[in-house]
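What Swiss-Prot lists as O2 binding site is ARG50. Sequence annotations record features per position, and here Swiss-Prot assigns Fe cation binding site to HIS54, GLU60, HIS102. Residues or ranges marked as substrate binding site in Swiss-Prot (evidence: sequence analysis): GLU60, ARG106, GLU116. Swiss-Prot lists CYS131, CYS136, CYS170, CYS173 with the feature divalent metal cation binding site.
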Amino acid sequence: MLPPALNIPKWLETNSHLLQPPVNNYCVYHPSSPATQGYTVMIVGGPNARTDYHINTTPEFFYQYKGSMLLRTVDESSTPPTFQDIPIHEGSLFLLPANTPHCPVRFKDTVGVVMEQPRKEGAVDAMRWYCRNKDCGKVVWEKRFVCTDLGTQVKQVVEEFAGDEEKRTCKACGVVARSKYEEGEVVQP
């Protein structure tokens, strides 16, 4: 028998406490469940506390349920890479192509839904931090891993980066990267 449809407002009434920094996500449909056929569906709240750019080998589907968010992306096909901010407003959808470095910036009192396709066995995700010095923009640190539990692994990598100043220091220019944006540093669209 199939489960009932998930009612987002009711789910948020009883479960919003599960949306905790740094990622603020909760997997409502986990890839380990046979019913999901490997898909991951997350409810994600704001504000989040992360500056990483996630690189996923599959496309990611974003639906902004409440408020607006900013999806920071990097186009690596140009030299130097081009940074582009994509606002996703309430009620809007966005499909991010596979292997696109992206940093989802979520603001206070916002809620979105993110769906990821099943990864191929052994597929490697990455989390990358770029230098915040606009004249540099080099990769400060990157961690690659086989993603088996998005709900816990992303948080662990963010915390690993946050807790190690050497990892946060740009080898090219010496600027220390932040693990989360300061209040007001990124303007909500």
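Glycine is no exception: its Cβ is also placed from the backbone N, Cα and C atoms.
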Binding-site residues near GLU60 (Fe cation binding site) (Cα-Cα within 10 Å), from ARG50, ARG106, GLU116, CYS131, CYS136, CYS173: GLU116
Lowest local Cβ density among ARG50, HIS54, HIS102, ARG106, which the record lists as binding-site residues, within 10 Å: HIS102
Of the binding-site residues listed as ARG50, HIS54, CYS173, the one whose CA lies nearest the CA of GLU116 (substrate binding site): HIS54
CYS136 (divalent metal cation binding site) and HIS102 (Fe cation binding site), distance between Cα atoms, whole Å: 18
Whole-number Å value for how far CYS131 (divalent metal cation binding site) lies from HIS54 (Fe cation binding site) (Cα to Cα): 15
Cβ-based neighbourhood (8 Å from the centroid) of the divalent metal cation site, residues CYS131, CYS136, CYS170, CYS173 excluded: ARG132, ASN133, ASP135, GLY137, LYS138, VAL140, LYS171, ALA172, GLY174, VAL175
For the Fe cation site built from HIS54, GLU60, HIS102, further residues of that chain with CB within 8 A of the site's CB center: TYR53, ILE55, ASN56, LEU71, LEU96, THR100, PRO101, CYS103, PRO104
Proximal residue to ARG106 (substrate binding site) among binding-site residues CYS131, CYS136, CYS173 (C-alpha distance): CYS131
Residue among binding-site residues CYS136, CYS170 with least C-beta crowding, 10 angstrom cut-off: CYS136
Secondary structure at CYS170 (divalent metal cation binding site), reduced by DSSP to three states: coil
